[in-house]
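Engineer: Here you go, one structure.
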Amino acid sequence: MTTYEVRAALKNHARLSQLIYPAQQVRAQEQAAAEACGLSLYQLMELAGQAVFEHIQVTYPDKRHWLVCCGKGNNGGDGWVVARLAHQQGLRVEVWTLCPPEQLRGDAAQAYRNYLAASGTAPQIAAPQHWRGELIVDAILGNNVQGPVREPQLSAINWINQQTEKVVSIDLPSGLAADSGATVPVAIQADSTITLVAHKLAPLTGAGRQLAGQITLASLTIQDAFARLAAPVAQHFNWRDLPILPARSRHAHKGNHGHLLCVGSHRGMPGALALSGEAALRSGAGLVKLDSVAEHLPIYASRRAEWLLGTEQDLSQDLSWMSTLLLGPGLGQSDWSSKLFEQCLQFITRNPLPLLIDADGLNLLADSPQTLSHDCVLTPHPKEAARLLGCSVAQIERDRLQAAINIARKYQAICLLKGAGTIITDGDQHFVCAGGNPGMAVAGMGDVLSGIIAGLMAQGLTAFDAALFGCAVHAEAADRIARNRGERGILAADLFDQLPVLINHAVTTHTSQ
Ligand SMILES: NC(=O)C1=CN([C@@H]2O[C@H](COP(=O)(O)OP(=O)(O)OC[C@H]3O[C@@H](n4cnc5c(N)ncnc54)[C@H](O)[C@@H]3O)[C@@H](O)[C@H]2O)[C@H](O)CC1
Ligand SMILES: [K+]
């Protein structure tokens, strides 16, 4: 397979709705973008309020008694617009303002005055007592949270999180830091979030994906002007965005599609390497060899005749045979593990070849850090990422993108940081996978992912392209199963049947066009 520019194709076909912007870029450019469209910032706030109001009416048509909680800034201003529109439509709406109205400034003050003129109803300052409504609009904090949430916003967030009614957040769940995803100390748990102007990173990865609920983007009619002015930080993508893989030549033979060597599975852990090895075959790798402890070989031989098999005695010759190395699934951290790890890394250092390090291979790498190459993919989950950076898991989760960038730069490799909204970066270009679901948080899913990516690298995709393609296919496979059978009870091996369909489906779809 010729080297294929998955990354370039994703970037060339990116829609604005897939680009992710730093909050500072949104705040800096939305005014110029609005003015380029003949709009004032206040008119943009009106559009924001209308978008939120219409979203709520469509999503929750039966909810006729709302509480709108407005903060001090323009996120609160959006809330005043929503409250006014709801009042004008005859809904029962109460406003809880965290800022005495006379202290409001700018567009937010204007939105408040328009609300008061339309409703004649003064807002309440204190937390509602014995409130019995149906829906809460979170207009407390938006994309401009600075530092840990202070009072009275903190108490308001905690009060809302204790209610049972539906919660709709404007722009971001209040308290969620737009770019890092930090929630210090707490953020709103929303049922849905209407993201304004452009996507920010936090709701798309890590805890933010849970806090935001269902995300809807409202670009407020300024998307084209905004895209010309602002610089995105990352791109959101999924399986449907993947470019076609080149069809295979008619006279291909198994040697054309890579010699993948999978090293791992210390004594008692045969399953990990089997999952990776099968995923690699299902992803189109030509020859796949498993090197593990001798006692596992009969298990592998009885499970899949297609594999070549070896032990640590064969490792030296197998390293010379291979074109791509997958190191780590089930490897363990024993002396046996360390010996194989060192032998593999020393070989790769002398003979640079595509390499994927996963699982305990990452823990062993963390114990003896060394720079690798951009033809290497590291696939840590947050705990392994913390080991690789020598920090805590909490620090990883407080800024997932920066953590992935730090790993990519420290080890000079592609970093795929697993978790909700997997992040893939080479340290300069950053992608967030939109696919995936909590049903993937089960044993073996990581082994399958590493097998898919290594299988694609064996077929000639670059490390970055294989990580992007493999991550999206892995997530889509699990999402299809979840759509059919629900999220609980998905087994890692269940993905195998989906893999050829998804990889070849891309080929079939595009070749038919
Ligand atoms: N017309 C427009 O500009 C539009 C803005 N949109 C909405 O506005 C927000 C961004 O508004 P901004 O005033 O910049 O910030 P916020 O409303 O998010 O909050 C700032 C506000 O909150 C206080 N604050 C900041 N940090 C903390 C903290 N850690 N604890 C407590 N309070 C905090 C701060 O003092 C300010 O008063 C954006 O999200 C949109 O919702 C729309 O895009 C429409 C056009
Ligand atoms: K909000």
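Here the Cβ of each residue, glycine as well, is placed from N, Cα and C on the backbone.
Predicted automatically and left uncurated, TrEMBL annotations should be read as such.
Under the heading domain 'YjeF N-terminal', TrEMBL lists 26-228. The feature (6S)-NADPHX binding site is assigned by TrEMBL to 74-78, 142-148, Asp171, Ala272, Gly330, His381, Asp447. The feature K(+) binding site is assigned by TrEMBL to Asn75, Asp138, Ser174. Summarising the annotation, TrEMBL assigns domain 'YjeF C-terminal' to 237-506. Among the features that TrEMBL reports, AMP binding site is placed at Lys418, Gly419, Ala420, Gly421, Thr422, Gly446.
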Engineer: Out of Asn74, Asp171, Gly419, Ala420, give those binding-site residues positioned within 10 angstroms of Asp138 (K(+) binding site), comparing C-alpha atoms, in sequence order.
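Structural biologist: Neighbours among binding-site residues, in sequence order: Asp171.
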Engineer: Among the binding-site residues Asn75, Gln146, His381, Thr422, Gly446, which have a Cβ atom lying under 6 Å from any atom of ligand 2?
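Structural biologist: Near ligand 2, sequence order: Asn75.
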Engineer: Could you say whether, by DSSP, Asn143 ((6S)-NADPHX binding site) belongs to a helix, a strand or a coil region?
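Structural biologist: SS state of Asn143 ((6S)-NADPHX binding site) = coil.
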Engineer: Cβ distance under 8 Å to Asn143 ((6S)-NADPHX binding site), same chain, sequence separation 6 or more: which residues?
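Structural biologist: For Asn143 ((6S)-NADPHX binding site), the qualifying residues are Ala23, Val26, Arg27, Asn75, Asp171, Leu172, Ala178, Lys200.
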Engineer: Less than 6 Å between Cβ and the nearest atom of ligand 1 is the rule; apply it to the binding-site residues Asp138, Gly419, Gly421.
Structural biologist: none
Engineer: Considering Cα atoms only, can you say which of Asn74, Gly77, Ser174 is the nearest neighbour of Thr422 (AMP binding site) among these binding-site residues?
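Structural biologist: Of the binding-site residues Asn74, Gly77, Ser174, Ser174 has its Cα closest to that of Thr422 (AMP binding site).
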Engineer: What are the non-local neighbours of Asn74 ((6S)-NADPHX binding site), defined as same-chain residues 6+ apart in sequence with CB under 8 A from its CB?
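Structural biologist: Once residues fewer than 6 apart are set aside, Asn74 ((6S)-NADPHX binding site) is near Met45, Gly106, Asp107, Ala108, Gly142, Asn144.
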Engineer: For Ala420 (AMP binding site), what residues in its own chain, 6 or more apart in sequence, show a Cβ-Cβ distance under 8 Å?
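Structural biologist: Listed in sequence order: Thr205, Gly206, Ala207, Arg209, Gln210, Gly436, Pro438.
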Engineer: Could you round the CA separation between Gly77 ((6S)-NADPHX binding site) and Lys418 (AMP binding site) to a whole angstrom and send it over?
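Structural biologist: Cα-Cα, rounded: 37 Å.
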Engineer: Consider the binding-site residues Ser174, Lys418, Gly419, Gly421, Gly446 and say which one has the Cα lying nearest the Cα of Gln146 ((6S)-NADPHX binding site).
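Structural biologist: Looking at Cα distances from Gln146 ((6S)-NADPHX binding site), the smallest one goes to Ser174.
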Engineer: Given the binding-site residues His381, Lys418, which one has the fewest other C-beta atoms within 10 angstroms of its C-beta?
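Structural biologist: Checked His381, Lys418; of these binding-site residues, fewest Cβ neighbours within 10 Å: His381.
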Engineer: Might you list, by sequence position, any residue in that chain lying six or more from Ser174 (K(+) binding site) with a Cβ less than 8 Å away from its Cβ?
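Structural biologist: Ser174 (K(+) binding site) has long-range Cβ partners Gly71, Asn75, Asp138, Ile140, Leu141, Gly142, Val145, Val149, Gln153, Ala156, Ile157, Ala187, Ile188.
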